[in-house]
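Report on the structure given below.
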Amino acid sequence: MSFISYLVNGISLGSVYAIIALGYTMVYGIAKMLNFAHGDVIMIGGYVTFMIMSTMGLSPWLGIVAAVVVCTLLGVVIEKIAYKPLRGASPLAVLITAIGVSYFLQNIALLIFGANTKSFTSVVSIPDLVLADGQLTISGETIVTIIASVIIMIAMTLFIKKTKTGRAMNAVSEDKGAAQLMGINVNKTISITFAIGSGLAAIAGILLVSSYPALTPYTGAMPGIKAFVAAVFGGIGSVPGAMIGGILLGVIENLSKAYISSQLADAIVFAVLIIVLLVKPTGILGKEIREKV
Amino acid sequence: MAMLEIRDLEVYYGVIQAIKGISFEVNEGEVIALIGANGAGKTTILHTVSRLINSKSGNIIFEGRDITKIPPHQLVEMGMAHVPEGRRVFAYLSVLENLLLGAYTRKDRDEIEESLQNVFKRFPRLEERKKQHAGTLSGGEQQMLAMGRALMSRPKIILMDEPSMGLSPILVSEIFSIIKEISASGTTVLLVEQNAKKALEIADRAYVLETGKIVLDGPANELAENEAVRKAYLGE
């Protein structure tokens with residue numbers, strides 16, 4: 001019974017990784033850059049909700065909406081100010097800038113909210129699910145996290161596959177020049193991608209701190225890196241890959257904590273990544289580099 | 001007034017001057033061929049016209065409007081389509097998705113469907129393969145897809161870059177007869193080709209390029225008879 005409990009919690013944690021990884025992988029697919037500040041957007045989302053709910057005492061729904069709006073705008077602004085001027089610059093310059101933006105966001109949060117850990121009040125108010133005569137308890141947060149991530153994944157898949165904007169994103173990710181020849185505004189498409197990724201990061205952040213209620217300026221850093229690992233694990237640039245990678249990562253992490261060692265869990269996660277990349281360098285669902293003349 | 005007018009165009013790649021002051025014009029309804037050896041600057045001209053690369057000086061006038069500085073994505077809406085060298089179809093998208101991307105700037109749903117049927121009528125192979133990834137098509141089919149995709153925007157002028165490259169002789173003839181059909185249906189064509197013989201057969205006028213300059217121009221049938229052209233480009 002405890003195995004099922006560990007597994008369900010792993011899926012829940014993995015769902016959060018998957019939502020964050022979606023942002024990583026979409027931005028990588030379209031702007032061909034690793035946005036290492038993505039994890040810190042999660043933390044900003046957490047603080048916005050915290051302020052609305054705990055400081056101002058308003059409803060959690062308002063907190064969620066505010067966090068999504070703030071993070072969406074933040075994502076667009078970061079792209080405009082920090083990354084757009086570097087389009088065409090060497091990937092290394094962009095990478096260093098992204099790390100810089102990450103530290104910038106952490107320190108802004110430190111300045112505004114202080115270093116003290118804030119105890120986040122969960123946005124979830126549904127009761128825990130008790131199964132098998134009390135042997136198995138699944139928390140309301142876990143249930144909401146899994147349901148939310150399933151909804152997000154279905155919505156994102158439909159969005160990318162069925163809408164005109166989604167099709168434009170695919171086109172830009174494959175060939176920017178040819179996309180422009182179709183009349184697609186590449187800059188706008190990149191902006192939209194950052195907006196969506198950052199909005200999703202806000203939701204991921206709220207779900208994360210609802211389950212693990214300690215909020216600090218560094219709350220987003222580790223989940224951000226894990227989600228990056230998940231995105232690479234699943235095949236960076238691939239949306240279903242990010243989902244599979246995220247959930248697998250969460251499950252591996254939680255089961256390692258439960259059965260091997262809670263200290264070694266992160267090491268095991270990264271070891272699995274290394275092994276996967278050794279066997280399949282493009283990740284689980286990564287696209288092979290294929291060229292046709 | 002010419003539909004497309006290029007005036008004193010100069011283009012640099014870093015310090016190297018690729019286009020050294022070129023002027024030419026394309027009138028409505030014409031098929032214009034730019035011919036010349038590899039590296040003469042033909043593709044550079046097309047990329048500059050569709051604004052994928054910037055010019056150093058000179059003007060590009062399309063339907064009376066100076067487009068030298070406008071962003072490339074706006075040209076499609078103005079009525080210019082570009083079939084790039086090497087087709088550049090979206091390999092991971094289906095044939096149908098590629099074609100719909102061609103109509104990206106259009107908002108008239110019903111008529112897009114009509115254009116799609118027209119493209120399928122012209123290229124029946126694309127309809128048979130509409131669910132397939134474009135990357136799985138043969139070279140000839142990809143060329144047809146690239147052309148169909150360009151037609152989906154209902155362009156006034158279509159720029160075609162080496163449409164015959166890498167195709168078998170039978171396919172080359174097929175592609176050229178399709179270009180003729182496209183022209184006959186009222187679309188102006190600016191064609192860049194290494195296959196000078198075929199290009200001169202279907203073009204109204206042509207410009208001969210050598211290392212970034214126009215060295216000869218005139219009616220295509222006259223150029224096809226020109227001694228120098230025959231020697232240098234027609235292999236005779």
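Think of each number as a place in line: the chain as shown, counted from 1.
For all residues, glycine too, the Cβ spot is worked out from N, Cα and C.
Feature annotations, courtesy of TrEMBL:
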type: TRANSMEM; residues: A:6-27; note: transmembrane segment
type: TRANSMEM; residues: A:58-78; note: transmembrane segment
type: TRANSMEM; residues: A:90-116; note: transmembrane segment
type: TRANSMEM; residues: A:136-160; note: transmembrane segment
type: TRANSMEM; residues: A:192-215; note: transmembrane segment
type: TRANSMEM; residues: A:227-252; note: transmembrane segment
type: TRANSMEM; residues: A:264-285; note: transmembrane segment
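The highest tally of CB pairs under 8 A with the transmembrane segment (A:227-252), across A:6-27, A:58-78, A:136-160, A:192-215, A:264-285, is held by A:6-27. Away from its own ends, the transmembrane segment (A:192-215) comes close to residues 12-13, 15-16, 19-20, 22-24, 26-27, 30-31, 35, 38-39, 41-50, 63-64, 67-68, 70-76, 78-79, 117-124, 139, 141-142, 144-145, 148-149, 152, 156, 165, 169, 223, 227 of its chain (Cβ-Cβ under 8 Å, at least six residues beyond either end). Residues of the same chain lying 6 or more positions beyond the ends of the transmembrane segment (A:6-27) and with a Cβ under 8 Å from any Cβ of it are 33-35, 38-39, 41-42, 138, 141-142, 145-146, 148-150, 152-153, 156, 169, 193-194, 196-198, 200-201, 203-204, 207-208, 211, 223-224, 226-228, 230-231, 234, 236-239, 241-255, 257-259. Here the transmembrane segment (A:136-160) has long-range neighbours at 1, 4-5, 8-9, 11-12, 15-16, 18-19, 22, 122, 124-130, 166, 169-170, 196, 200, 203, 207, 210-211, 239-240, 243, meaning same-chain residues at least 6 beyond its ends whose C-beta is under 8 angstroms from one of its own.
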